[in-house]
Amino acid sequence: MIKLHEVPPEPVDPASLPHDVNAHSPEGDGNPDKRKKIFGIPYPFSRSSCRRFLWNCQKISVLPMALYFPLHAANTLITPAVSPDSAPDDVLMMVREILPSITTKLLVAGITLHVSAGVLLRIVNNWNKPRRNRHRHLKISAEQDLSQDSIGLTGGISGYLFGLYKTFRIPPQVISGYILVPVLIYHLLIMKWVPNSISTEVDFASIKQLLSSKNRWWKWLGGLVPLAILLESGVYHIGSGLCRYFGVRKMTSRKKWSTAINLLTLVGFVSLIRLMKEDSTKLGPNQFESIFKKIRLLLHVN
């Protein structure tokens with residue numbers, strides 16, 4: 001007959017307990033070495049610590065662009081919409097006097113760190129992560145994750161207008177970053193790197209000549225199309241990124257951010273159109289002739 005005996009409530013040493021690896025745990029959990037392994041090699045960092053480190057790298061990397069963007073946006077997006085004649089060049093000269101000579105290098109370093117940390121962060125977040133359920137593309141907001149990772153800034157036009165928030169497999173901010181990188185490299189190539197290599201500077205007179213060029217390849221593929229893509233993706237990526245950086249979570253506030261982003265984008269397109277319609281026949285030789293000639297030489301294109 002089994003009898004129960006009262007024992008004093010003393011702590012039990014776990015080392016004195018029997019270890020049965022296969023009784024209640026998956027194979028390998030009984031190993032005293034609890035370090036995680038990748039390809040069989042133990043590593044000391046957890047996924048959360050990697051995320052935290054990469055997120056901090058992204059936060060630090062935006063500082064040069066966050067300081068530069070207001071000046072550049074006022075010069076390139078707003079001023080030409082108000083007065084496309086000489087005002088943009090006047091503001092450009094003033095901005096160049098304010099900024100240090102290493103501005104471009106700081107921006108390139110910050111962008112490189114930002115992109116690298118972002119790609120690695122995506123890899124860490126998606127490591128062994130189950131795929132999202134793709135059913136029920138539009139959901140009622142009360143049942144849905146309304147974070148920017150899930151629905152973007154406002155969940156698309158339907159979310160902005162009607163509260164039917166669209167979920168995205170890849171966040172719109174990430175997509176805009178993927179689009180932004182190649183056009184930004186092209187922008188730096190024709191506006192900074194190649195002009196510096198031939199000892200010239202690009203101003204708004206050059207931009208007007210490019211956008212009103214009789215050469216359709218220069219005008220559209222070399223000028224208007226990449227500038228429009230840069231404008232749309234850049235303003236959205238920076239605006240939604242700042243919204244996330246400042247911890248804006250309320251949907252009403254995010255809709256206000258979205259409205260501001262759309263208005264700034266619209267003003268930017270007005271600036272492009274006004275610059276394109278400017279008379280560039282009295283502006284002298286087109287500097288982009290030498291710039292594109294240099295690019296053709298670099299690409300070995302006749």
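Residue positions begin at 1 at the first shown residue.
Backbone N, Cα and C define each Cβ position, glycine as well.
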Worksheet item: Membrane-wise, does Swiss-Prot list LEU54 and GLN173 under the same topological domain?
Response: yes
Discussion item. Looking only at the recorded stretches 62-82, 101-121, 174-194, 259-276, which one has the largest tally of CB-CB distances under 8 Å to the transmembrane segment (220-240)?
Written reply: 174-194
Discussion item. At a C-beta cut-off of under 8 Å, are there same-chain residues at least 6 beyond the transmembrane segment (259-276) that contact it? List them, or none.
Written reply: 73, 76-81, 84, 88, 153, 204, 207-208, 211-212, 224, 227-228, 231-232, 235-236, 239-240
Worksheet entry | Other parts of the chain folded back onto the transmembrane segment (101-121), taken as Cβ under 8 Å at six or more residues beyond its ends | 50-51, 54-55, 57-58, 60-65, 68, 174, 177, 181, 184, 188, 192
